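Asks: Below is one structure. I have some questions about it.
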Amino acid sequence: MTIDAPELLEKLKISDADANGADIPGSTSAAANGMLKEDDDSDDDVAENTPAVAAENGTAKKKKNKKRKPKKKQPKVQTDPPSIPLSQLFPNNTYPKGEEVEYKDENRYRTTSEEKRHLDNLNSDFLSDYRQAAEAHRQVRQWAQRNIKPGQTLLEIANGIEDSARRLVGHDGLTEGDSLIAGMGFPTGLNIDNIVAHYSPNAGCKTVLAQNNVLKVDIGIHVGGRIVDSAFTMAFDPMYDNLLAAVKDATNTGVREAGIDVRVGELGGYIQEAMESYECEINGKTHPIKAIRNLCGHTILPYSIHGTKSVPFIKSNDMTKMEEGDVFAIETFGSTGSGRYVEGGEVSHYALRGDANRKDLTLSSARSLLTAIKKNFSTIPFCRRYLDRIGQEKYLLGLNYLVKSGIVEDYPPLNEKQGTYTAQFEHTILLRPTVKEVISRGDDY
């Protein structure tokens with residue numbers, strides 16, 4: 001590159017003037033020429049440009065570097081549908097408590113007893129698992145209540161609930177044994193109208209929720225085998241409101257009156273009285289609400305949804321007492337029909353029997369299926385869709401063989417008379433040494 005003489009002379013003049021600190025007409029600072037970074041308010045940029053600024057101003061002042069304050073991390077907020085694991089929302093594994101209710105009468109002392117408090121403190125892992133499962137249940141069911149609408153298939157509803165539940169507890173159940181760490185406590189029940197319980201859609205189910213349906217949604221979620229069992233009913237026509245109100249009142253009555261040393265037969269009387277004080281007018285006809293007599297609430301054991309004690313929905317002579325440490329599913333079912341169910345329909349619910357005798361299985365497909373059931377579900381109830389998820393194929397023959405052999409129990413749907421309507425509400429309660437904790441209680445019910 002060549003430079004002519006006038007141009008060279010001009011450059012020498014500029015250089016000489018710049019060395020003497022003189023202002024040059026038409027010259028600009030680096031900042032004015034846009035040579036600073038766009039984020040020129042950062043402390044690092046100020047520090048880098050300090051010498052140049054000092055030279056321009058003819059000063060020797062130094063600017064101190066200011067350290068940036070680290071930005072505070074914003075707490076994570078749950079997505080819609082729920083997908084962020086609870087371990088990220090509650091990093092200290094301290095999950096919300098359920099509703100704590102002090103015991104009454106002769107058990108009132110338990111609230112302040114040092115001995116009982118000590119026993120309570122020994123249950124920290126037990127309570128943490130239960131509260132995590134309960135928080136997952138609340139978040140999933142509240143999302144479901146906002147989003148279940150007529151026109152959806154039962155398969156869409158079930159898969160949405162179960163996928164969200166698995167994400168929240170951080171275990172998708174696709175690897176061997178993963179669903180035993182945490183996951184579904186039983187198949188999601190989606191029971192329409194006269195179907196009382198134990199129906200979950202099998203693969204290929206085409207049933208669509210209609211505007212005039214009454215839908216019972218029964219969800220179980222477990223962490224470490226601690227199953228939270230809670231249910232609600234949805235209806236989209238206000239003519240069913242009294243049916244839902246009756247059953248919700250009955251369940252809340254059962255929850256309120258339950259406690260250590262309470263006899264279950266007496267508790268059933270309180271439940272029946274609350275429920276059967278209602279009636280419901282449907283299409284111009286008034287129906288008394290009846291408690292379903294041949295169904296019961298139940299205790300919950302680790303990895304087993306049905307324990308050894310039952311809570312009837314009607315008054316009975318059962319003198320069994322509720323005891324410290326018991327976990328109960330207080331559920332009630334009300335009906336506009338006869339108040340009794342019969343079994344019938346396509347089976348979806350199954351469970352490995354804990355008391356089943358070992359037998360030599362001659363059918364090879366039954367042997368391999370039994371191994372998969374033990375490793376993935378143990379005694380937690382499962383459905384056909386869950387077998388599909390873990391890659392089991394052509395298993396129906398082997399499954400039926402296990403049922404006939406008494407190794408696996410099947411649970412057919414429970415049905416009231418055709419043309420009737422039924423509703424369900426349910427909570428899980430812990431009879432802790434110091435208080436009764438309604439572990440599944442939420443703002444919704």
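Any Cβ shown, glycine's included, is placed from N, Cα and C.
Note that the coordinates shown come from a computational prediction; the quantities given were computed from them, not determined experimentally.
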Asks: Given that Swiss-Prot annotates D229, E426 as divalent metal cation 1-binding, name the residue from D218, D237 that shares the site.
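Replies: As annotated by Swiss-Prot, D229, E426 share the divalent metal cation 1 site with D218, chosen from D218, D237.
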Asks: Starting from the divalent metal cation 2 binding annotation in Swiss-Prot that includes D229, E331, E426, which of H198, H287, H298 is the extra site residue?
Replies: H298
Asks: Helix, strand, coil: count each for the residues of the compositional bias 'Basic and acidic residues' (97-115), based on DSSP.
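Replies: Split into helix, strand and coil, the compositional bias 'Basic and acidic residues' (97-115) gives 9 helix, 4 strand, 6 coil.
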Asks: Going by DSSP, how much of the compositional bias 'Polar residues' (85-95) is helix, how much is strand and how much is coil, in residues?
Replies: 4 helix, 0 strand, 7 coil
Asks: When the Cα-Cα distance from H198 (substrate binding site) is computed for each of the binding-site residues D218, D229, E331, E426, which gives the smallest value?
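Replies: Among D218, D229, E331, E426, D218.
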Asks: Taking only the binding-site residues H298, H306, E331, which one has a CA atom nearest to the CA atom of D218 (divalent metal cation 1 binding site)?
Replies: E331
Asks: Starting from the Cβ centroid of D218, D229, E426, the recorded divalent metal cation 1 site, name every other residue in that chain with its Cβ within 8 Å, sequence order please.
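Replies: Other same-chain residues with Cβ inside the cutoff are G189, I219, G220, S230, A231, A329, E331, Q424, T428.
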Asks: Measuring Cα to Cα, how many angstrom lie between D229 (divalent metal cation 1 binding site) and E331 (divalent metal cation 2 binding site)?
Replies: 9
Asks: An 8 Å radius from the center of the D229, H298, E331, E426 Cβ atoms defines the neighbourhood of the divalent metal cation 2 site; name the other residues of that chain inside it, in order.
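Replies: Going along the sequence, the neighbours come out as D218, S230, A231, G297, I300, F328, A329, I330, H427, T428.
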